[in-house]
Amino acid sequence: MNVKGKAILSMLVASTVIVVFWEYINSSEGSFLWIYHSKNPEVGDVRAPMGWWFPSWFNNGTHIYQEEEEDVDKEKGRKKEQREKDDREELQLWDWFTPEKRPEVVTVTSWKAPVVWEGTYNSAILENYYAKQKITVGLTVFAIGKYLEYYLEEFIASADRYFMVGHKVIFYIMVNNVSRMPPLELGPLRSFEVFEIKAEKRWQDVSMMRMKIIGEHILTHIQHEVDFLFCMDVDQVFQDNFGVETLGESVAQLQAWWYKADPNEFTYERREKSAAYIPFGQGDFYYHAAIFGGTPIRVLNITQECFKGILQDKKNDIEANWHDESHLNKYFLVNKPSKILSPEYCWDYQIGLPSDIKIVKISWQTKEYHLVRNNV
């Protein structure tokens, strides 16, 4: 075959191949097999398979990725909502309180309030709950006259060590002479505020007037600064952790000398003329005014009602046997406390140490009345 014949043959073969290829790719079976196994059913252009596959893959991939992101976000949202719900939910008594662990003592009152003894509470559950709340606890203390020099420094030092460890605390210190304040060094999360008040001529009046003063400070600033507030006598010392197990709406302290006595033996005010009067046959416990507390609003109510009774007695020319403590007992008889602290939280070692006192949280200081009760 000559050169011209070969050229013609080559052209025929090439034309045949082109025609066959063109028919194939436009047939129902033709495709770019390495990209997609069938033609785009909507687009007849040979470029359609590639043009459809790339954006479709990208868009589908993005859609799946977005769905995964949305699922993750929804799960995070659900967990956050659950955490916020847990934070808002009130801690239930039986979540942390096990009264049957102390069968030898009274652990629940007739009105179902807990009496907190060592061994009846779960510290871990309580700490976890209150840590989430980010609480601040206030503590008022009065150091008037010689009480300042004899007791204040040790009281604050021991409170700094044992009172509400790990939580923010504000000490409200009431003195009649700021210049005699000892230097105070406090740990992290602790601060103090000092207020100068008038010294009364009688220690009884100092004791009773504190109700008025505490109420005034709650109204002007304390209610905006703390979540819970305790009011304590200065002539005692912390010896072990006084923690969040003591927190409640209204908290009363059992008096160490009377916690086993019959109510008819209590030294309640028995004279009908007094606003603090409690007749024989009535009464639940004898409460110690050395420690009481609760939410600021409830403590405000306690102090206002007690001071109202004190003023009524003054008007009627009578003074309750145990002054503000008598009025406090009358208040808690009418307005039952939501939580009671066992004598372990305010113990007098002169009683000894009976078997039901497992650990002493606060102890009374030696009462040097002949030295400290002259406040002039």
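Each position is counted from 1, following the chain as shown.
Cβ coordinates are placed from backbone N, Cα and C, and glycine is handled just like the others.
Residue-level annotations in Swiss-Prot identify, among ASN177, ASN301, ASN301 as N-linked glycosylation site.
Of ASN26, ASN60, the one with N-linked glycosylation site in Swiss-Prot is ASN60, while the others lack that note in the record, though it may still apply to them. In the three-state DSSP classification, PHE142 (substrate binding site) falls within a strand. Around the Cβ of GLN255 (substrate binding site), a 10 Å sphere holds 23 further Cβ atoms from the protein chains shown. Across the fold, the C-alpha of ASP235 (Mn(2+) binding site) and the C-alpha of PHE142 (substrate binding site) stand 10 Å from each other. A mean pLDDT of 58 is what the model gives for the topological domain 'Cytoplasmic' (1-6).
Other Cβ atoms within 10 Å of the Cβ of ASP233 (substrate binding site), summed over all protein chains shown, number 21. Per-site Cβ counts within 10 Å over the binding-site residues PHE142, TRP258 peak at PHE142.
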